[in-house]
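Working notes for the structure below.
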């Protein structure tokens, strides 16, 4: 309210929503009481009842769905808050772990386990991360619903379960490594979103490419060969098959499966942009275009218009921000 909003206004981001649908009592009743996406049969019936073209009715429903979406200013403020948190907690974690012996030698995570001291800095690191992921769990139901809703829901459940479980079992050393590793790329994605909302397209593309590289290196490289190696093999070697070994590693492996899915989406997005020089709508985003021009020219320009996460269309030779920031 006091920092992000003034920044957005200085960048020229207006607090205006998408194009509003033309008032129509009949269509509004269908939208609120029956369906927000009518099928072909219902569209034909409404067309006869109102003497409207089917395409016009489809456009009305699309505009009506989009007008309930949050404004670009609102999403800029939300992304700036997340960017601030991710960046701050990442540097806090790096500064804290830089002097920790288990950061350089993962076997230190299991020496003298479970009799390892819980320092105040480690405690606050855990509590802040747990509180933030609980907030993400709750806000997911009020944010824009995307096609990867279920994946994100599983991710948040697994993360909260891991943080809570590792804290209760005093596996906080390896837990800090997992947390810091996941924070390494998240602030870059939020930075790409901020650049997209401010319409700095080249900066958005650069941030997303950097995010993709860091994400793949940390989630497909460091995580399995560093984190999973110590939880699966080094822990078994040093302290034996403790009772919760299967549950703990099961949650960690679940995260790895999610990493693979997201890495595939990132690589597919980047490859489309590099090969074709243009991308179509983000496969994970359900935000729809509210532009009438897209309806009129959809047959001749299919695949050129890209829908950004703020619902606006862009036509250019660069990678579209909506493809980058579909989250």
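Yeah, the Cβs are placed from backbone N, Cα and C, and that goes for glycine too.
What TrEMBL says about a protein is an automatic prediction, not a curated fact.
Within the listed segments 63-82, 123-142, 143-162, TrEMBL records transmembrane segment for the stretch 123-142. The feature transmembrane segment, as given by TrEMBL for the ranges 246-267, 268-289, 290-311, sits at 246-267. Taking TrEMBL as the reference, the stretch among 41-61, 83-103 described by the feature transmembrane segment is residues 83-103. Among residues of the same chain six or more beyond the transmembrane segment (246-267), those with a C-beta under 8 A of the stretch's C-beta atoms are 148, 151, 154-155, 158-159, 161-162, 165-166, 169, 171, 178, 211-212, 215-216, 219-220, 223-224, 227-228, 231-232, 283-284.
In terms of DSSP secondary structure, the DNA-binding region (29-72) contains 30 helix, 0 strand, 14 coil.
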